[in-house]
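Accompanying notes for the structure given below.
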């Protein structure tokens, strides 16, 4: 969809918006758009961002409720406000002002996911150091009288075919760069949680003087390292895209060896690459490429490091 937009004369931002928007419609992997990843109250909320690498403008929404086209609303943040990021109910009100309809984001599938989770004593969840014991109970939780901190080991339940974000980098004929992301976030997340996807430099980053990058994975870990920004800076210094992505992943590995994550990178000449962190069940990362050198969109794969 994004490639077709470019071929029909659309801008790089148009391509990112329509490409990510198609994934929202298709509910890609159940982790983008409506009807997926219900939070711990059973509601599906959306995060998205879009970035113009010419002007460095960013539009983003987080914890967006009852509006399906999150990337479209993010684009309107650039076009009609002086802000960068709108969140929650207020982001939904902004969306309605911009002409987006209110719609229910729950589906029978998301309700079933939520119901099954409740029946499994709300396991797994994202609480720690609370009472009652969050590994055995649905709560409600509160802070204990005496805090006993224990290190939680996060075991990834994802696989190579279960990404959690659509991330996209578009390089125009003249080297103009745009990027964007859209996701419904971590399944069973605590209400109000925002991951890396709508954060500039974390979920994606675009700079028409260097290139663009986008990330997928455990957003609570990834966002702490601004991987997309860092990858673009490596490319600015002359590092090729594959090596730039690998350096970003290696940097996070030093602190969180078992994190789930991957990064895609492309520079202004159209060279591209990707890298991922190798953990059980996630040893390869797949991504799609369209270019004048390819007759059709082509699936690429890299071995995780």
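We count from 1, first residue shown onward.
Note: Cβ is positioned from N, Cα and C throughout, glycine not excepted.
Because the structure is a prediction, the values reported are computed rather than measured.
For 165, the entry in TrEMBL reads active site, nucleophile. Summarising the annotation, TrEMBL assigns substrate binding site to 193, 194, 195, 196, 216, 217, 218, 219.
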Distance from residue 165 (active site, nucleophile) back to residue 216 (substrate binding site), taken between C-alpha atoms, in Å: 6
Within 10 Å of the Cβ of the residue listed as 'active site, nucleophile', how many other Cβ atoms are there? 30
Including all protein chains shown, what's the count of other C-beta atoms within 10 A of the C-beta of residue 193 (substrate binding site)? 18
Between residue 193 (substrate binding site) and residue 165 (active site, nucleophile), what C-alpha distance do you get in Å? 15
Quick one: Cα separation, residue 195 (substrate binding site) versus residue 165 (active site, nucleophile), in Å? 10
So for residue 219 (substrate binding site), how many other CB atoms are inside 10 Å of its CB? 28
For a quick check of packing: other C-beta atoms within 10 Å of the C-beta of residue 194 (substrate binding site), how many? 21
Rounded to a whole angstrom, what is the C-alpha distance between residue 194 (substrate binding site) and the residue listed as 'active site, nucleophile'? 13
